[in-house]
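Asker: These came from Swiss-Prot, pasted as-is:
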LIPID     Gly2  N-myristoyl glycine
LIPID     Cys5  S-palmitoyl cysteine
REPEAT    77-116  repeat 'ARM 1'
REPEAT    118-157  repeat 'ARM 2'
REPEAT    159-198  repeat 'ARM 3'
REPEAT    200-239  repeat 'ARM 4'
REPEAT    243-282  repeat 'ARM 5'
REPEAT    284-323  repeat 'ARM 6'
REPEAT    325-365  repeat 'ARM 7'
REPEAT    409-448  repeat 'ARM 8'
Amino acid sequence: MGASCSSCCGGKSRDGLYDNVLADSEREAVADLLQYLENRGETDFFSGEPLRALSTLVYSENIDLQRSASLTFAEITERDVRAVDRDTLEPILFLLQNSDIEVQRAASAALGNLAVNTDNKVLIVQLGGLAPLIRQMMSPNVEVQCNAVGCITNLATHEDNKAKIARSGALGPLTRLAKSRDMRVQRNATGALLNMTHSDENRQQLVNAGAIPVLVQLLSSTDVDVQYYCTTALSNIAVDANNRRKLAQTEPRLVQSLVNLMDSSSPKVQCQAALALRNLASDEKYQLEIVRASGLGPLLRLLQSSYLPLILSAVACIRNISIHPMNESPIIEAGFLKPLVDLLGSTDNEEIQCHAISTLRNLAASSDRNKALVLEAGAVQKCKQLVLEVPVTVQSEMTAAIAVLALSDELKTNLLELGVFEVLIPLTKSPSIEVQGNSAAALGNLSSKVGDYSVFIHNWNEPSDGIHGYLSRFLASGDATFQHIAIWTLLQLLESEDKKLIGLIGKSNDIVDMIRQIANRQIESDNELEDDDEGEVVSLAQRCLELLGQGNAKAHIEG
């Protein structure tokens with residue numbers, strides 16, 4: 001990521017190279033080095049005699065020799081980057097501490113080039129490279145600043161280095177240089193700050209160093225790379241609840257800036273802006289603020305793009321925004337329903353499907369009107385078409401959405417006519433506990449106040465052992481929640497006053513026997529909440545027996 005700002009890597013002419021009188025060893029090293037440079041394509045400067053010649057120049061007291069050494073290191077590392085040992089790195093680190101600007105500039109360029117290699121990243125830090133780089137970041141020379149920051153940017157991509165950099169005192173200078181007037185310095189500094197946002201501890205160090213206001217300010221940069229680095233860094237910072245609170249208190253322009261960036265000409269910036277808003281929208285305040293900042297329009301455009309990362313970031317964001325009840329109607333009115341339904345079938349991306357159906361469920365949560373609009377948009381038809389084929393995580397979301405829609409008395413007949421039993425009943429046999437529970441909850445919601453119970457009769461034994469099989473399995477499961485769902489559903493069916501349906505239940509000896517066992521269950525628990533839940537299940541079972549004309553069974557309830 002870090003870009004070198006060094007452009008001067010040339011050597012000096014042979015004639016009149018040095019005015020000062022050189023030691024014999026230095027004169028010999030210069031002659032050798034010039035010869036090696038003439039055959040640079042075939043010379044390994046990182047070992048043996050070439051490295052010894054370079055090192056002689058490095059440790060000379062002659063500034064011209066030191067400059068030549070640093071420029072040579074910068075040149076050879078520009079075209080030959082590989083893992084090197086301390087014998088190569090120590091001379092370069094020694095040059096970094098030189099007071100001469102030209103030496104500093106070339107040495108930091110060389111080190112930045114070598115810091116592209118994974119092994120070198122670790123060794124540079126182990127050999128104490130951070131301290132001189134931090135000093136160079138505070139240099140008045142822009143080229144030196146640029147190379148030093150670029151090197152730290154590269155070093156910060158290695159996990160082993162991040163915490164060391166965070167504790168080294170580098171974050172303050174990096175934050176200041178992020179405001180540099182030189183775009184190269186700014187890019188390198190914001191890139192380095194981004195690399196420091198991948199762990200909780202480092203993010204906190206970054207916040208403490210005062211990076212947040214700088215990153216927010218730079219969202220309005222005209223440079224796409226700076227926009228991307230700052231947007232991504234803020235997205236990572238917003239993962240933490242404490243940081244979101246800090247952002248809410250101190251950065252009133254943040255949301256509007258991110259909303260504006262969703263209309264950037266750069267897809268990577270658009271994507272990160274939506275993801276940053278997604279992370280912010282973990283909090284209620286931001287869920288509302290994004291809508292108020294006219295964020296729905298740009299999100300809808302991203303949602304309808306053909307670029308998968310944009311779709312994913314937008315649908316993840318709208319999912320979080322849709323959690324707030326006050327946002328349900330604005331999202332629906334903005335035209336999201338049909339595109340969300342279309343996403344369910346237009347991609348096999350599991351994450352996109354999960355976010356899309358979860359959003360539809362959220363939009364249906366608070367009002368029967370919105371439930372009807374979700375149904376009209378074709379959500380249930382699409383779920384029915386796909387639910388038996390999609391991954392388990394998507395099945396769980398789809399069945400949960402149907403269960404929510406089934407809470408509306410006005411929609412129950414529509415749902416039954418759409419044939420949801422064809423998928424809900426088989427899914428009560430799913431290997432997933434969540435899918436089983438959601439499917440059973442949907443069946444339970446549909447069993448209450450339907451009016452016409454003929455579909456329950458028709459599906460009593462089919463498909464997949466029908467309603468009968470589902471009730472029998474759940475009653476026998478030993479799971480208190482599953483038993484509760486099954487008994488509550490049974491009670492709705494028995495209260496339907498549909499004689500044929502009640503007759504089918506009464507003839508199902510397995511079901512009746514299990515209801516009787518539950519009705520006679522003794523409650524022995526030290527937990528009052530468990531007592532209440534268990535007591536309700538027993539009470540429902542007793543009520544079922546009464547409606548079956550077998551209400552003389554004695555139940556023994558303690559407590």
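Backbone N, Cα and C atoms are what each Cβ position is placed from, and that goes for glycine too.
Values in this document were obtained by computation on a predicted structure and should not be read as measured data.
In the displayed structure, how are the listed features positioned relative to their neighbours?
Answerer: Within the chain carrying the repeat 'ARM 1' (77-116), a Cβ under 8 angstroms from the stretch's Cβ atoms is held by residues 2, 4-6, 8-9, 45-47, 51, 54-55, 58-59, 63, 66-67, 69-71, 123-124, 127-129, 132-133, 135-136, 139, 141, 143-144, 147-148, 150-151, 154-155, all 6 or more beyond its ends.
Averaged across the repeat 'ARM 2' (118-157), the predicted model reaches a pLDDT of 96.
Here the repeat 'ARM 5' (243-282) is broken down by DSSP into helix, strand and coil counts: 30 helix, 0 strand, 10 coil.
For the repeat 'ARM 6' (284-323), the list of distant contacts is 244, 248, 255-256, 259, 262-263, 267, 270-272, 274-275, 277-278, 330-331, 334-336, 339-340, 343, 347, 349, 351-352, 355-356, 358-359, 362-363: same-chain residues at least six beyond its ends, Cβ to Cβ under 8 Å.
Proximity of distant same-chain residues to the repeat 'ARM 7' (325-365), defined by a Cβ-Cβ separation under 8 Å and at least 6 residues beyond the stretch ends, is recorded for 287-288, 291, 296-297, 300, 303-304, 308, 311-312, 315-316, 318-319, 371, 373-374, 377-379, 382-383, 385-386, 390-391, 393-394, 397-398, 400-401, 404-405.
Here the repeat 'ARM 8' (409-448) has long-range neighbours at 368, 371-372, 375, 380-381, 383-384, 387-388, 392, 395-396, 399-400, 402-403, 455-456, 459, 463-467, 469-470, 473-474, 481-482, 485-486, 488-489, 492-493, 496, meaning same-chain residues at least 6 beyond its ends whose C-beta is under 8 angstroms from one of its own.
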Asker: Same-chain Cβ contacts of the repeat 'ARM 4' (200-239) under 8 Å, 6 or more residues past its ends?
Answerer: 162-163, 166-167, 171-172, 174-175, 178-179, 183, 186-187, 190-191, 193-194, 246-247, 250-251, 253-254, 257-258, 261, 264-266, 268-269, 272-273, 275-276, 278-280, 282
Asker: Counting only residues 6+ away from its ends, which parts of the chain sit with a Cβ under 8 Å from the repeat 'ARM 5' (243-282)?
Answerer: 203, 207, 212-213, 216, 219-220, 224, 227-228, 231-232, 234-235, 237, 289-290, 293-295, 298-299, 301-302, 307, 309-310, 313-314, 316-317, 319-321, 323
